[in-house]
Amino acid sequence: LALNPWDVILCISGTIITCENAIVVVVIFYTPTFRAPMFLLVGSLATADLLAGLGLILHFAFVYFIPSGAVSLLTVGLLVTSFTASVSSLLTITIDRYLSLYNALTYYSEKTVTRTYIMLILTWGASICYGLLPIMGWNCLKDPSACSIVKPLTKNHLIILSISFFMVFAVMLQLYVQICKIVCRHAHQIAVQRHFLASSHYVTTRKGIATLAVILGTFASCWLPFAVYCLLGDYSYPALYTYVTLLPATYNSMINPVIYAFRNQEIQKVLWTVCCGCFSSTMPFRSHSPSDV
């Protein structure tokens, strides 16, 4: 096949995604203090994005060096599983953030740990099921007219994935609205108790809402174009449209480590320790609340 520049860009993106998230996975896996539920969810997100990056690299390699229908199904199945797990992990992190604020007094309990494991099992169970569908026969290798904008996925399969995404996005939007309300209420209570000026309360509230807006806005701007095009597009449309909408979606997996991992002070300390030994490896870590992750 003639080398497609868009495939090269996706492969480069996959390489960057793999390197970034591999760092996060290694740090969380090899640091005993990172066993709190919030870090497990961040680790799940990093693992999903790591697999997505590997899937992009393998897809490029197999398309141009080992072209095969069966291999294509495997790589596409891996991409569907990983991207579905990535979006679902973002939902679990949002749920965890909301519960840490809504049930602040009971958050640090065994129920939270149990709930975290249940969310992880559901996230990866559903993602694997979605990814297995093309391998189990739900593909368009024998019927090209049933293909979607992402071959060899069928149109029905992609519609189900798109509808699932919109449901996840709607839940996340509602949860972040509730989080904003809780943050505003807490900031007002603290301002009243400590006799802060109204301007201080306004600045604190604005910073919290701005952070949440950046998180949700980044997620929406990356995934919404591709999700909408999956519903409206057809296999007969130019492949350029698919690449233009899919590339921003891959960038979400590139941005996630920055938003959810590298901003965390504990992870920063471990990275500095490994890279240049700026901090003592025996330094105690202070677990932040999930809203800080």
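Cβ atoms here come from the backbone N, Cα and C positions, even for glycine.
Remember, TrEMBL labels are computer predictions, not curated facts.
Residues or ranges marked as transmembrane segment in TrEMBL: 6-31 (among others).
TrEMBL lists 20-260 with the feature domain 'G-protein coupled receptors family 1 profile'.
For 38-66 (among others), the entry in TrEMBL reads transmembrane segment.
Sequence-distant contacts of the transmembrane segment (72-95) (same chain, at least 6 residues past either end, Cβ-Cβ under 8 Å): 38, 41-42, 44-45, 47-52, 54-56, 58-59, 62-63, 116, 119-120, 123-124, 126-128, 130-135, 139, 141, 150, 152-153, 161, 164-165, 168, 171-172, 175-176, 219, 223, 249, 252-253, 256, 260, 290, 293. Residues or ranges marked as transmembrane segment in TrEMBL: 72-95 (among others).
According to TrEMBL, the transmembrane segment annotation covers 116-138 (among others). Tertiary proximity for the transmembrane segment (116-138) is limited to same-chain residues at least six positions away from its ends with a CB under 8 Å from its CB atoms, namely 37, 40-41, 44, 48, 73-74, 76-82, 84-85, 88-89, 91-92, 95-96, 152-154, 156-157, 160-161, 164.
Note on the transmembrane segment (158-177): residues 80, 84, 87-88, 90-91, 94-95, 97-98, 130, 148-150, 212, 215-216, 219-220, 223-224, 227-228, 230-231 of its chain, located 6 or more positions outside it, place their CB under 8 angstroms from a CB of the stretch. If you look up TrEMBL, you'll see 158-177 (among others) marked as transmembrane segment.
What TrEMBL lists as transmembrane segment is 209-228 (among others).
Marked as transmembrane segment by TrEMBL: 240-262 (among others).
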